[in-house]
Amino acid sequence: MKCVCLLLLVVPLGIVFVSVEAWSGNTVTYRDCCYRYRRVCRYRWWGSCCSWKTIKEGYYCTKTRCRYGWTDTGGNQVCNKPVCWPSCKNGGTCVSPGRCNCPVQFTGYRCDSAQCSYLAPCYPGTCQNGDGCDCASGFQTTRGKQNYCLEIEDNVNTNLDMYQMQVRMSFWPRYKNPPMELHYIMADSTDMTYPQKDSFWTNRDRFNRLETTCSSQYFPPDLTGKPNFITGSTLGVVQGNIQVKLIKLDGTVSLDKFLSCEKSVSNLNPETEIFNCSVQDPNFDRLIEHRDRLEVTYRAKGGGYREVLNGNTNGRFNQSFTAVTRSKAVEFKFDLIAPVHCIENSPPCTSSNEMKSMLNVPDFTRSSRITISWDNWGDGDSGMYRYAWEVFKMTKGAGTEIEIHPDRALDPLINQEVLQADYAPQSYDLSGSGPGMYSVILEAGDLANNTKYVRRLVVYDPNPTITTDPAQRFYVTSANAAGNYTYQNDISAPITITWAKHFRNALHEENNLLGKVRPYPKELRDDTEENKFVFRKVIPYNTTKQDDWEGERTANEIPNRRGIVNFKIQYDKDSTGGVNQGPVPTKPWIEKTLTESYTIPYSVPERPGEGDTVTIWVKATDAMGTEKVEKRQVTFDSTQPDVRNGSIKFLMNVPVPGIHFSSMFEITAQDPQSGIAHVLWTFTRSNGSVLYQNTVPGARISSADCDSFECTCTPARDCFYHKQTFPLSNCEMIVEKESLDTEVITVTADVTNMAGLVKRVSMLKDDLTALNGTESYFPPQNISLKSLTADSCTITWSFPPSCFHRTGLWVLVNGETDKRAVHEDATEFAITGLEPATQYQIFMVTDYGDLKIQSDKTAFKFTTAEQEALTPGAIAGIVIGFIIIALLILMIIIFCLWKRGVIFQKEGTPVNKQLHRVSRAINTVRQTVRRDAFTNNAYKAEEDDIYMYGAMAFSTRQPWQLDDSSLTLMDHVGEGRFATIYKASWRHDGKQDIVAAKMLKAGFTEDDAMKMMAKINFSATQLEDHDNVVKFFGAVTDNQGWGPVLVMEYCEMGQMDKWLAARRSQVTEQIMENLFRFAVGIAKGMEYLASKKVTHSRLAARNILLTFTLDPKVAGFGPQHKQGDEEKATRVPAKWAAPEVLQDKPATEKSDVWSYGIVLWEIFSMGQVPYPNIHGSEVGARIKSGYRMEKPEFADDTHYDMMKDCWQFKQSKRPTFGTIRARLSQQYGAPGNRQSVDFYYDSKQLGDFD
């Protein structure tokens, strides 16, 4: 024997003392491997040991043990105890190695030979002939006298009942904490008659837990009476177990194991009642493959024991009955392969009576009811079981694609199931969901729940229509634009035609019905122990026949041009203007597929000549087979127009209705081939600059009315007058005042025919002073009094015609001492601050042009009315007396209340509330007196926009002025500081619209009315309609009870900040699209206001209103008070204001740009308040120190970069709104689906100007 030294164990250094005793008795020595410890160097450096290690090594040694047949007692090393093997039976004693001393009733080498008594126990049964035995019914003897009647007979009378047999297999992911069952399968053979078993097909192949629930009971035969040598006997279930067997496809058994029941029984411990057997195997991890079978069998044994009394020693011993066995089983069959259609076989099905498609639906249909059918599906394992079909309506995707939106992938229009045994073709009506692309999905399933999904596509268009886009022309590109591309002036040039983007099937184009179909969105399922996701309901794309790659409408895009799949063309020529050419050609069509242009390949002999007309027809066809034909004609003319006499005739200062200071130019021209398209009149000054230019279309006449002496008709029957006239205002020839006497104007007439050929003639015009209106700088005229009081009057006037633009208007009161500015377009003005019974002479002066050339003064005299009221001093005395009386009354009331003990209670009591109202009433009186005592400066020249627009009046009724009868108030919407917002109905032009009406509150003052009129006049004169600005519809101005009422657009969705905040916790892709649209739309609205020189000053998300289509509308702007007045308290809070505005500098477009950046932050934070956790008073200092807000949660880099550009401290570095709109429009802007909800206005933010 070789001793191996192992360097494995390290022990502490030291000495171990072992007590060794000497062996004695029957011993023997032998050689063995012993171990000792030694200290060695583990790391040596330059001859010295730096580290030591104690190792264990082996060596041979001599040891002692007991000799064979002997042993010691308790390890005392005294070998004096003999050993008998097998051991002595029936109470025998071992006296030497292998030798027993037996009791009297036994004999033999091991005392195992017995000598009817306990030596030959006959039970249950009857002893016969001394040691003979007749066993009871149901028992028998097969193994000698001592085993009389110990074998239970196994026959039909044996009553071992199997009550329950159920097996459950499940999968519990290892990573789940707490544990969680992911899936399970179950089989139950309880009701199956033995030996049948329950078979279960499944496609699950991953299990790690096996559980069984079984029960049984043994009913033994009736037992005979016990003899005196039988002291006890019990029969019942003595054993139960589970056998698990996994059988592979080839018949080999890869697993065969037995599992014991949790409840313990045995021959000596039988269960006499119902035996319940539960088995759990939590680590049942096995590789399961296709076509495997797992058999689980429950076996139970019925048996027991008898207790025998030894007559010699009075000892007792037990004998077990030979048990009988019963079993029940279940079987799991594994089918892991999905069903197969015959077309997938190799070779595929080809018989004419076989349906070669996995799923049959029409590619295109005009009928709303479609038939859905399938056949020839099979499964060679578990067999086909069921089919399910679904229908989805597809939606427009990115670009030209179409898809089932992931949000709707679990929500089909219909879901029906058909069992294999009940199959019949199905049908579905698409009319309820409207025209569009539909996806029909079939699920074919076998008995094991393996499924295969198939998709087919259907385009449903009940009324296919081809239309034309007027913005995309079908025209002859080689023809001349002057003649609307109907005449060509070069006979030798080829004829080229284009109809690019002209034809369209709007339904197919706008919904991408011919676009590429995106793969069906996969559904995810957490189904693995490794915590990964797997896909279910998968339709392979591009790899199998499961997706739609057959027929006309496949998953690929159908090549098209705006929904048109084919074009055809044909052409023909004639010399009669094409009047005899029909709507379709007589010759066969020329195929052009998807080409949208064509060049006619005329050879020299066939080429059109002068005056010939070529007709071109184009036919467009859509995917439904719908056709549309259009034609165009081109006529050839290569000659210039004929201008008779070669000169221009000027008729100076001739009256022309509708034109002030009118004259007329006249020229005679004709063109018999194509006619006169237009005459371009150009006035050029002596320095070469163009003073005026205008294009006048050729004067036409119908062919029926044409007289050959006055007009000429072309071959195409287009008729034109010979005489072409050009009436105009002399104002078009006006130059600066100092040049009127010397300037000479060259008048040029470019006569162009329909083929684009031009003939030019010209003349000189001098002596401009002879033209009427060249020196007309007129003041207002027809001044009159509209109203007159003791201290004021209202005057009206009209304006005479003038060639010059009014740039200013002034009213001079008392000579030059009181000069008041009036809006240049106003026709009414109120003069206040006058003395009673005093004669006044006023003058009015008009400014003209950028140089502010003033007209002469026009004078007007009037005398104010007599004073009918008290003097100001008397009024003041009365008011003071009234206040004193009110105070005395108040003191008396307080004294009485004090006497009653109700005064000096809490402020909230009814009495004190009433006193508070009295106090407020007195303060109101004081404020009224104080306000009326102020001087009225409303009309001074340096005053702000509020009063300029508020005092504006018009001589005639304006189109925007509405009748109060046309407006019906409906619902109260909100309150402002001096106005109330109502939802109203506005009747106009035979229709009725819902609008918002802003009406003054009851008891409004003149100042309130002026502010409202200022907003009305501002909106009426300064703004036009814009898609992203709240529209001004008009105003009611003549209802004394209402006061001025502003009527504007009704925005159903209300303020944008509230809309955003309400959706903060449910941001979807659609909402994100709306955020992008908001950003672009607001920029467009602000760009428009900036172009009108309008500064918003209050731009914030609360001042953006949303329509029911979620279009943003800028609101809350209007005429401004001048800096420093009382309006300062109502400006935009500090968190929206630009740094320069916080420093009391005037607001500009660039300060609005700063506020727009804040609005962007509000949009992409879903309505949060800007500068969270920062007080408004701290914002200015934080901005100045360089602080800017972080990127909000839903903003992308593009929009956050825009915010930072808007927040540049220097105004010059901020972009304009035009730049902002251009940058954002390049990437965003397409509108999405919109939905409508209720709204209300926050009227405090809608431009109150008090």
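In case you wondered, yes, glycine gets a Cβ from its N, Cα and C as well.
Under the heading signal peptide, TrEMBL lists 1-22.
Annotation comment: TrEMBL describes 80-112 as domain 'EGF-like'.
According to DSSP, CYS84 (disulfide bond) sits in a coil region rather than a helix or strand. Annotation comment: TrEMBL describes CYS84-CYS94 (among others) as disulfide bond.
The disulfide bond annotation in TrEMBL covers CYS102-CYS111 (among others).
Annotation comment: TrEMBL describes 874-898 as transmembrane segment.
Annotation comment: TrEMBL describes 967-1229 as domain 'Protein kinase'.
Taken from TrEMBL, the feature ATP binding site covers LYS998. Under the three-state DSSP scheme, LYS998 (ATP binding site) falls in the strand class.
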(message) DSSP secondary structure for CYS94 (disulfide bond), reduced to helix/strand/coil, please.
(response) strand
(message) Let's check the environment of CYS94 (disulfide bond): how many other CB atoms sit within 10 Å of its CB?
(response) 17
(message) Distance check, please: Cα of LYS998 (ATP binding site) against Cα of CYS84 (disulfide bond), rounded to an integer number of angstrom.
(response) 120
(message) List every residue in the same chain as CYS84 (disulfide bond), at least 6 positions away in sequence, whose Cβ is under 8 Å from its Cβ.
(response) CYS94, PRO97, GLY98, ARG99, CYS100, ARG110
(request) State the count of C-beta atoms found within 10 angstroms of the C-beta of LYS998 (ATP binding site), not counting that atom itself. (result) 26
